[in-house]
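Listed in Swiss-Prot for this protein:
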{"type": "ACT_SITE", "residues": "Asp280", "note": "active site, proton acceptor"}
{"type": "BINDING", "residues": "Ile160, Gly161, Glu162, Gly163, Gly164, Tyr165, Gly166, Ile167, Val168, Lys182", "note": "ATP binding site"}
{"type": "COMPBIAS", "residues": "437-449", "note": "compositional bias 'Basic and acidic residues'"}
{"type": "COMPBIAS", "residues": "451-462", "note": "compositional bias 'Low complexity'"}
{"type": "DOMAIN", "residues": "154-431", "note": "domain 'Protein kinase'"}
{"type": "MOD_RES", "residues": "Thr67", "note": "phosphothreonine"}
{"type": "MOD_RES", "residues": "Thr143", "note": "phosphothreonine"}
{"type": "MOD_RES", "residues": "Tyr227", "note": "phosphotyrosine"}
{"type": "MOD_RES", "residues": "Ser284", "note": "phosphoserine"}
{"type": "MOD_RES", "residues": "Thr314", "note": "phosphothreonine"}
{"type": "MOD_RES", "residues": "Thr319", "note": "phosphothreonine"}
{"type": "MOD_RES", "residues": "Tyr327", "note": "phosphotyrosine"}
{"type": "REGION", "residues": "437-472", "note": "region 'Disordered'"}
{"type": "TRANSMEM", "residues": "24-44", "note": "transmembrane segment"}
Amino acid sequence: MSVYDAAFLNTELSKPTSIFGLRLWVVIGILLGSLIVIALFLLSLCLTSRRKNRKPRADFASAAIATPPISKEIKEIVPAQNQSVPAEIQVDIGKIEHRVVFSDRVSSGESRGTASASETASYSGSGNCGPEVSHLGWGRWYTLRELEAATNGLCEENVIGEGGYGIVYRGILTDGTKVAVKNLLNNRGQAEKEFKVEVEVIGRVRHKNLVRLLGYCVEGAYRMLVYDFVDNGNLEQWIHGDVGDVSPLTWDIRMNIILGMAKGLAYLHEGLEPKVVHRDIKSSNILLDRQWNAKVSDFGLAKLLGSESSYVTTRVMGTFGYVAPEYACTGMLNEKSDIYSFGILIMEIITGRNPVDYSRPQGETNLVDWLKSMVGNRRSEEVVDPKIPEPPSSKALKRVLLVALRCVDPDANKRPKMGHIIHMLEAEDLLYRDERRTTRDHGSRERQETAVVAAGSESGESGSRHHQQKQR
C-alpha cells in the first residue's frame, strides 16, 4: 500500500459519523467487540447446556453416598481402618414447602468418614426405598416418606414434645418399632448444627441411662433424628405436672432416678475420649421408662472436650436456672458446668420446686438460695416435696442435700466429679436401705414380742381356768 493510500485510509477512518459523532474507526471497533462478546456468550450457553444434560446422572450418583455434614467440633470416634474415604460432604438442599431452606458447607479436612461400597445402598430422593445402612457405620438412614408414614404425616396428635429447635413426634415404623422422631427446625443455622452434634455425639454411644439414637433422615430441607421411644414421659411432667395429692415418685424412686442420671453423665464425662459435656441438663431432658429408669436425652447443645483441654470457650447456651454461673459469665465450659446443673436437678427432685419461680414469695424465688437458707436454719425436713408419700429419714435427707450443695459450689474446682458423686449416692442408698431394714426388723421384733406376751398371757389364763375346774 502506498503512502497516499495509507493517508487516504487514515482520513476516511477519522471522519466523524452520524452515531453520536463518533469516528468511523471507533464504531468499527465497537462492532467487532460486540461480535466477540456475542460469540463468547453463545459458546458459554452451549457448554452450560451440555453440563446440564450430564448433571442428573452425577446428582443421582452422588445422592447414593450423601450423608449429613459432620461438624468440625464433633469428630467421629472410630479406630483407624485400612481404607478410609475422606468425605467432602455437601448436602444439596432444595426448597420444600413450609420449611426454611438452609445449607452448610465443610471442607474435606473438616470431616472424614469410613465406609465400604457394601455399606451404602442406592438412595432415591423420592423416598421410595426403605431405610438404608448409614454411611457413618452405625444406625439407619431413614427416608422422609417412611418417617411421615410412621408419624401419620407429622400430625399434631403425635406431638410429644416441642422446643426452640425442633418438634418431637411419636411414631411406629413398618416393623412395629415405636420411635420418637425429632424434626429439627431452622433457627439461624442452629438446627443444622444441632443435627450434626447429636448425630456424632450419641450415634455410637450405648448406655442404659442415655437415650439411644437409632438413625436419621436427611432429605431436602428436612433434618430428622430417630430415637428409641421412651414411653413414660419426662421428669418435669412427673414432678411439676398434675399427678394428684400424692406423687407416684416415692423417695426410693427419686433416688434411683438421681443415681441413673449420675451414671449416664459419668459415662459422658469419664467413659469417653474426648469427653462429652451435655450443656443442657434439666428435668425435661430426663426421660423415664415404665420402671422409672432415667435416660438422659437431647444432646443438641453438647460439646466435646479433649484430654489436652481443661475447658472450651463457647457461646453461652442452656436453660435459665440450670446454667453454671462461671459459664454464664465467661463462656468457659467444661464438665463442672454439667455438675452444677445436676446439683440443681437434685434439688428440684427433692423439693418439687422449679429452679427459678417468680410466683413464690421473696426469698423463695431462687431454689439454691432458699435451700441453703433452710439448711442453714436447721429446717432441712421442711424442704421435702409434700407429695412424697413417705418422707425419708433425717440422716438420708441431709446426705443427699449435702451432695446437691457440693455440686452447686460457687467455686467450680470444688465441685466433685461425677464418679465421686455416684459413690456418695450409692453409699447414701445403702444407708437408707439399711435404716429401713433396721426399722422393719425392729418393728417385726416388737410385733413378735407382743405376740409372745399375748400368747403367754392367754396360756396362763387357760391354765388357771383348767386348774380351778380340777379343784371343783
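Using the three backbone atoms N, Cα and C, a Cβ is placed for every residue, glycine included.
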Is any of the recorded positions Ile160, Glu162, Gly166, Val168, Asp280 within 10 Å of Thr319 (phosphothreonine) (Cα-Cα), and if so, which, in sequence order? Asp280
Cα proximity to Gly166 (ATP binding site), best match among modified residues Thr143, Tyr227, Tyr327: Tyr227
Taking all residues of the domain 'Protein kinase' (154-431) together, what is their mean pLDDT? 91
Counting other CB atoms within 10 Å of each candidate's CB, the least crowded of the recorded positions Glu162, Asp280 is Glu162
CB within-chain contacts under 8 A for Ile160 (ATP binding site), separation at least 6: Val168, Tyr169, Arg170, Ala180
Which of the listed modified residues (Tyr227, Tyr327) has the least company, meaning the fewest other Cβ atoms within 10 Å of its Cβ? Tyr227
Count the Cβ atoms, other than its own, that fall within 10 Å of the Cβ of Thr319 (phosphothreonine), considering every protein chain shown. 18
Here the Cα-Cα span from the residue listed as 'phosphoserine' to Thr314 (phosphothreonine), rounded to a whole number of angstrom, reaches 23
Could you tell me the C-alpha distance between Tyr227 (phosphotyrosine) and Glu162 (ATP binding site) in angstrom, no decimals? 15
When you rank Thr143, Glu162, Tyr327 by Cα distance to Thr314 (phosphothreonine), which of the recorded positions ends up on top as the closest? Tyr327
Rounded to the nearest Å, what's the C-alpha distance separating the residue listed as 'active site, proton acceptor' and Thr143 (phosphothreonine)? Just drop the number here, would you? 29
Rounded distance in angstrom between the Cα atoms of Thr143 (phosphothreonine) and Tyr327 (phosphotyrosine): 39
